[in-house]
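Visitor: Structure below; questions to follow.
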Amino acid sequence: MASFSMDCSPSFCVPGLWNPFIIFRSRSSRRRLHSLGLAAMPEKRPFERLPADVSPINYSLCLKPDLLDFTFEGKLEAAAQVRQATNQIVMNCADIDIITASYAPEGDEEIHATGFNYQNEDEKVTLSFPSTLQTGTGTLKIDFVGELNDKMKGFYRSKYTTPSGEVRYAAVTQFEATDARRAFPCWDEPAIKATFDISLVVPKDRVALSNMNVIDRKPYPDDENLVEVKFARTPVMSTYLVAFVVGEYDFVETRSKDGVCVRVYTPVGKAEQGKFALEVAAKTLPFYKDYFNVPYPLPKIDLIAIADFAAGAMENWGLVTYRETALLIDPKNSCSSSRQWVALVVGHELAHQWFGNLVTMEWWTHLWLNEGFASWIEYLCVDHCFPEYDIWTQFVSADYTRAQELDALDNSHPIEVSVGHPSEVDEIFDAISYSKGASVIRMLHDYIGDKDFKKGMNMYLTKFQQKNAATEDLWESLENASGKPIAAVMNTWTKQMGFPLIYVEAEQVEDDRLLRLSQKKFCAGGSYVGEDCPQWMVPITISTSEDPNQAKLKILMDKPEMNVVLKNVKPDQWVKLNLGTVGFYRTQYSSAMLESLLPGIRDLSLPPVDRLGLQNDLFSLARAGIISTVEVLKVMEAFVNEPNYTVWSDLSCNLGILSTLLSHTDFYEEIQEFVKDVFSPIGERLGWDPKPGEGHLDALLRGLVLGKLGKAGHKATLEEARRRFKDHVEGKQILSADLRSPVYLTVLKHGDGTTLDIMLKLHKQADMQEEKNRIERVLGATLLPDLIQKVLTFALSEEVRPQDTVSVIGGVAGGSKHGRKAAWKFIKDNWEELYNRYQGGFLISRLIKLSVEGFAVDKMAGEVKAFFESHPAPSAERTIQQCCENILLNAAWLKRDAESIHQYLLQRKASPPTV
């Protein structure tokens, strides 16, 4: 499943919306965490997995959805194996009414169930039989009815508008993690695999799709307006990967070079918008086949855009479902960041067809293996398809640093989390499972080398195909392929939370450089204060200015302290740890080592990803109180010659975080002046219009820089944005897609009620979901209190799709100090409606995170905690803990550094630096 939080334009960073994991800490804040009761997760709910006495071999399932009454009828005939004699069958079942149930042992008479005992809290049903079911095979028959809900999970309804303007509904599915049980009674655990024969009874003018190809389509005897569509039998698979869709769609199709039929299904009339994803998918399937050396096992793969969809996408085997914005590209109206996002999400979901679908995690504890792996290899795939994207540098900003921000918290969690009750599963669809998982796999790939990594992956997929596996099984395969101590190394990264800070100092000894390294846990509040400090086995690479792109030495740091000798390093050469920012650790250099590295930022002799990593480490050390924030501001000024989009993107996000923090002071305008000083030179170099020979990254950089300058109130940028916006609205000169977000943001931030009304009108007129989302995300930039209220009311209106309400409210919270207070009040006032809408899924966690973690006053942590004690959100418990911790850390950072930052900014104003 593609993380919903990826579904945000990286073209410019709005604090609290585009960079949702904001963390800071001081030692005193840890004491306040405990006083607020925030430092430990609550007791886990008791939970038992399904009994193993009866298990399915095959599900023969027929569903008949009613697209007007929003109900469905179902008939299940499951070939089952009774492994141990019993008089009851326990299955998963939620929001379904069973009408009749029976079991017929092979060659024997049918036994009718005499009772259905629903355990609603555990989402189980126990079918009781009047006599004992003996060991052997038989057929379990169940007739049932259910509701096509509006919660974006299970078998649900999705609203769309036809080209003629009529509102209709499709019936679609989202089963991961534990929602197949809302569509049919089943053994809804990833390790209980079976084959599926699916039939759908649907209106004859609708498209019906499932995991496999259609093998029969015939009139339905009881109603001439319906047809029964039968699909081929699936391979052995888990319930969470089953899917079906009934609706109105167009499609484009091709065949991959391996002969697999690939289709992209789009809303009616928008087939053209599926062509980019089709091209990516057709390149991606053969890439994975070659990389894994295992063929794609199904005859077809469909990719389909769903109007109402909670996640980014879902990897259902052979029928991958997507948000419209994660699949559809309009050549004229889609921006560069949207193309890149679609390429990454397609790469992510198709990787799952092997890693997750063919070989599946044994239990949700190993979810990270699915998601972390797909989140890593999607970049490998996009780098293969689009080398011009420089995507691995973007990985560091998008995934690696984001994971480190979250993982420095006391309320983080290990990559591997023991999961029991279904309500706990949604909590681990977070930056640890996805982004830290991807980052440690990237580090592992670098440690092993590509050749042995591929060999180990093939061994793993071949050994466990159509079966289930645990993390240890992958380590064993990679260990056998590489001969390296993979399990010993990786257990230090997956079974304990956090990551190390490597402190390094150097001494010149004749012609050699002696490095003294030490490791300790990096904490968002500075020093680790526990009894036994955790240790990691850290693959460390060291480079020098002699060849900045090559490792001079690679070592495995497996103890708290180490001395390393670098041979033949001249006194004037710099030395840098963590080449390529691949190792999952932060580095603190001695002041002399850091001084020698800084010219490499200004003269660009440090590679881009190393410039990014150095700046990001320093910023995090400042947030943690280990160094002064002023020192980082001085380093940021050295980036005046920086040409790289991703380096600017990371710098922009960090300045955004600082701006959000300083919005709690009376010198917010001074930090905006600093932003303008840093970004003006690159803004002038780029200008507003593309130049001949520019590419994808130039377009991303221009959008980022103009958005940053416009938001900060840069006079020339603001005037030009207003001029171009006026021409756009009047139809004289339509804005290019890459300029729309920065222009919209700029005019709204510095606009009035008329500007907001024009923007809402553009939203209503927009035919493309990408454009609607683009507008929704910037509405929160408006500063006037009555307009902020208007935007919040709009967020819950029919004009905004349910999954997008979150980004509108989050945008308000990230837009201004007043917006943050207004968004929090709005959430409290509308909590019942919001919680009911998202039913405890991961969108509720995202909403809470975006809305509250920009606060920087101690008492707000207590207020947030108290509200959620009286308004429980079980699937967001960990998120709430993290947010409260972040608020205390923000407050500590502000108290610690606000005055020195203010003095520095005043000093700069008095004597501006020469660049």
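Glycine residues also receive a Cβ, built from the backbone N, Cα and C atoms like all the rest.
Here's the feature list from TrEMBL:
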type: DOMAIN; residues: 56-241; note: domain 'Aminopeptidase N-like N-terminal'
type: DOMAIN; residues: 276-493; note: domain 'Peptidase M1 membrane alanine aminopeptidase'
type: BINDING; residues: H348, H352, E371; note: Zn(2+) binding site
type: ACT_SITE; residues: E349; note: active site, proton acceptor
type: SITE; residues: Y434; note: site 'Transition state stabilizer'
type: DOMAIN; residues: 574-887; note: domain 'ERAP1-like C-terminal'
Visitor: Out of H348, H352, which has the highest number of nearby Cβ atoms, where nearby means within 10 Å of its Cβ, if these are the binding-site residues?
Guide: H348
Visitor: Within 8 Å of the Cβ centre of H348, H352, E371, which other residues of the chain have their Cβ, at the recorded Zn(2+) site?
Guide: M1, A2, E315, E349, A351, F355, G356, N370, F373, A374, S375, E378
Visitor: Let me check the 10 A CB neighbour count of E349 (active site, proton acceptor). How many other CB atoms are there?
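Guide: Its Cβ has 29 other Cβ atoms within 10 Å.
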Visitor: Roughly how many angstrom lie between the C-alpha atoms of H348 (Zn(2+) binding site) and Y434 (site 'Transition state stabilizer')?
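Guide: Pair distance, Cα basis, whole Å: 11 Å.
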Visitor: Roughly how many Å lie between the Cα atoms of H352 (Zn(2+) binding site) and Y434 (site 'Transition state stabilizer'), rounded to a whole value?
Guide: 13
Visitor: Tell me the Cα distance separating Y434 (site 'Transition state stabilizer') from E371 (Zn(2+) binding site), rounded to the nearest angstrom.
Guide: 5
Visitor: Just to verify a number: CA distance, Y434 (site 'Transition state stabilizer') to the residue listed as 'active site, proton acceptor', in angstrom, no decimals.
Guide: 13
Visitor: Please compute the mean pLDDT of the model over the domain 'ERAP1-like C-terminal' (574-887).
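Guide: Overall, the domain 'ERAP1-like C-terminal' (574-887) comes to a mean pLDDT of 95.
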Visitor: Starting from the Cβ of Y434 (site 'Transition state stabilizer'), draw a 10 Å sphere and report how many other Cβ atoms land inside it.
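Guide: If we count other Cβ atoms within 10 Å of Y434 (site 'Transition state stabilizer'), we arrive at 28.
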Visitor: With every protein chain in view, what's the tally of Cβ atoms within 10 Å of the Cβ of E371 (Zn(2+) binding site), excluding that atom itself?
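Guide: Cβ-Cβ neighbours of E371 (Zn(2+) binding site) within 10 Å number 27.
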